[in-house]
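J.: Have a look at this one.
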Amino acid sequence: MWLLLPLSFLLTSTAQDGGKLLEGEECAPHSQPWQVALYERGRFNCGASLISPHWVLSAAHCQSRFMRVRLGEHNLRKRDGPEQLRTASRVIPHPRYEARSHRHDIMLLRLVQPARLTPQVRPVVLPTRCPHPGEACVVSGWGLVSHNEPGTTGRPQSQVSLPDTLHCANISIISDASCDKNYPGRLTNTMVCAGAEGRGAESCEGDSGGPLVCGGILQGIVSWGDVPCDNTTKPGVYTKVCRYVKWIRETMKRN
């Protein structure tokens, strides 16, 4: 098993070749207007979701001391107008978060200055129900992507690189019973599995904290899965947002 590590960790580690949004393609620019990029000391670290003008939701394992929030992004290396830079005044991981078991892998960030809502920057809707097996969803992120390059023998070899642009993958919700067969004894009722038939997780390291959106509703946060994620048919595991709506709303109200 593995945790979907923040990209800042991967960039300072060795031999981390698995991190990518598998089989994903570049998203239509600003088609995911709730998508957030979290930065640490000037480096892209994790994904996140805008849920209100003042609040961003991500994974607790993305927590760091120096977090900057970038909204309205598509190409991280170019500015085309709608981008907004914000600072987090409060970083609030779930009080029961457990790094070892991945339980309660959810975190709220309060922005010092609220987001200015535009067609390219707007909140995603929180769920009023939990997702159903087979429900169609989209996972998005700037995690590492793979591509084939000619190798020294002339045969194509898989290479990985950090994409400039936001990538999306179409996946669907996997039933708890089916997912439990892949991760026996590891799942809780605060986790949900999603993947693509015969292709596995789709999300991988670097996509951490990003949104799993089903029918315009935020149903999951990229959390953990199998390793190596570019060579598995097991689904990815996401924090099940519907189980945390009460905590989210109460925390926002108190802060």
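Glycine is no exception: its Cβ is also placed from the backbone N, Cα and C atoms.
Model, not experiment: these values are computed from the prediction.
What Swiss-Prot records for this protein is below:
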ACT_SITE  His61  active site, charge relay system
ACT_SITE  Asp105  active site, charge relay system
ACT_SITE  Ser208  active site, charge relay system
CARBOHYD  Asn170  N-linked glycosylation site
CARBOHYD  Asn231  N-linked glycosylation site
REGION    21-253  region 'Serine protease'
SIGNAL    1-15  signal peptide
J.: Tell me the Cα distance separating His61 (active site, charge relay system) from Asn170 (N-linked glycosylation site), rounded to the nearest angstrom.
T.: 24
J.: Compute the C-alpha separation of His61 (active site, charge relay system) from Asp105 (active site, charge relay system), stating it in Å without decimals.
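T.: Rounded to a whole number, the Cα-Cα distance is 7 Å.
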J.: By the DSSP assignment reduced to helix, strand and coil, which category contains His61 (active site, charge relay system)?
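T.: Where His61 (active site, charge relay system) sits, the three-state DSSP reduction gives helix.
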J.: Between the Cα atoms of Ser208 (active site, charge relay system) and Asp105 (active site, charge relay system), find the distance and write it as a whole number of Å.
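T.: Per the Cα atoms, Ser208 (active site, charge relay system) and Asp105 (active site, charge relay system) stand 10 Å apart.
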J.: Could you please provide the mean pLDDT value for the region 'Serine protease' (21-253)?
T.: 90
J.: Validating a neighbour-count step here. Other CB atoms within 10 A of the CB of Asp105 (active site, charge relay system): how many?
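T.: Taking every protein chain into account, the count is 29.
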J.: Check the recorded positions Asn170, Ser208 for other C-beta atoms within 10 angstroms of each C-beta and report the one with the most.
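T.: By the 10 Å Cβ neighbour count, Ser208 comes out on top.
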J.: Starting from the Cβ of His61 (active site, charge relay system), draw a 10 Å sphere and report how many other Cβ atoms land inside it.
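T.: Summing over all protein chains shown, His61 (active site, charge relay system) has 22 other Cβ atoms within 10 Å.
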J.: Look up Asp105 (active site, charge relay system) in the DSSP assignment and report helix, strand or coil.
T.: coil
